[in-house]
Amino acid sequence: MDAVGLHICTFLAWTGGVALITWIICRCRLRTKAGAVEDYFAGGRSFAWYVISGSLLLTNLSTEQLVGLNGVVFADGCMAASAWETFASLAICIAATVFLPRYMQLGLTTTSGYLGERFDRATRTLVSVVLLTFYAVGLCPSVLYTAALAIRNILGIDGLPLWTISLAIGLLGSVYAIFGGLKGVAVSDCLNGIGLFIVGLWVPLAALQRIGGPAALFEHPQFLRPLVATSQVFDKGTGARSLGEPTLPWRTLLTGFMPINVYYWSMNQVIVQRALAAQSLAEGQKGVLFAACMKVVGFVTLCLPGVIGMIMIEKGIHVGGEAFTVDAPDKVYPELVKAVMPDWSFGFLAAVLLGSALSTYNSALNSASTLFALEVYRPYIHSGASDERTVKVAAVFGAALAIPSWIVAPQFEQVVSIFDFIRRGLQR
């Protein structure tokens, strides 16, 4: 068996193992009343704090973050984008202490439901439809594209079109989300989280050894600056750097940046739905606050590899007899993985990255199904629908929603920065 075949076997073994264990746990340990709305959309309100924290972190820490945020750091030529991680901890604390108690007091399953309580039904429905649209043509396709890009580069299957890989990932993710409900998504998140924790630390540590240890970072202080007005920005067209404004100028941290973070962690259905499935308010708050602690050091995984990639290019480090180069910002993470990790680990690495992508993709489909079923179908289409009928409609809608994401995903190859695109979409 050649190297590529071995990588693919390892990849399939990990992915299949996670799927099997998830099925066993959901079938034997978390079995509740079939078809119940609470069970499908809110996990039966049975999640412990560690399930909430693990699922929340893995939903956030997907390939569009690993690939995208490291790509932003590489493109900016500085650590300005690390503010997304450091400020996130404060925003999560606000979510845990201000918003979550109110959500649980009202017994909500959707975040748009809070807007209905605060304003009116029209506002509630409008926000639900906007989120549904963004999940279908923005979030889901970007996750599929970045996962396909990373897996193709790491496994060395360059001859396989990106649309084929993204379609396969989309089909697998749809099975989790549509047939497993929130419980299936959360359990697979926790299992994949173990692998992602290992990979998340392994890649930057191995990369640091390649450049000469942590001290090498401080030999290039221009790459470590978090608050800058201008930096050496990467031009994808020419492959050169020139003085320009980073994607996150320092002045934005004092104005509109924090409200965006608070929205993401407090009102984004994909994120908040896990906390709403908590056994109690205390369990929900513990899970969310533990995630806040982990986000403090999130830059090690999501930003540091981008910096190390710049240093490797600056120092002219050779990989396989050729100088390390990156022709597009979003390729810096998968290229760095290929450069610093041992060959035998590629299959495992690709499987873990797939798991992180599936987490966000599954979560987006499940959240979209939840919003449609509870905010559109029941209020406007069939107000007397039974729980079983509502769950079936949600599953059909999730399957239908997955189709446009498969079609749109290959088009993201034309986007300069996936992470920047997603954040701009969330601001709308």
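One-based numbering along the chain as shown.
Every residue, even glycine, has its Cβ placed from backbone N, Cα and C.
Bear in mind that TrEMBL entries carry predicted annotations, made automatically and left uncurated.
From a predicted model like this one, the values you see are computed outputs, not experimental measurements.
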Between 248-266, 324-342, 362-380, I'd like to know which one TrEMBL lists as transmembrane segment.
248-266
May I ask which of the stretches 47-63, 83-104, 191-211, 248-266, 287-313 has the most CB pairs under 8 A with the transmembrane segment (125-148)?
47-63
By Cβ distance under 8 Å, which residues at least 6 away from the ends of the transmembrane segment (248-266) in the same chain are close to it?
72, 76, 80-81, 83-84, 87-88, 90-92, 94-95, 98-99, 111, 227-229, 272, 423, 426-427
Considering the transmembrane segment (47-63), which listed stretch of 6-26, 83-104, 191-211, 287-313 counts the most C-beta pairs under 8 Å
287-313
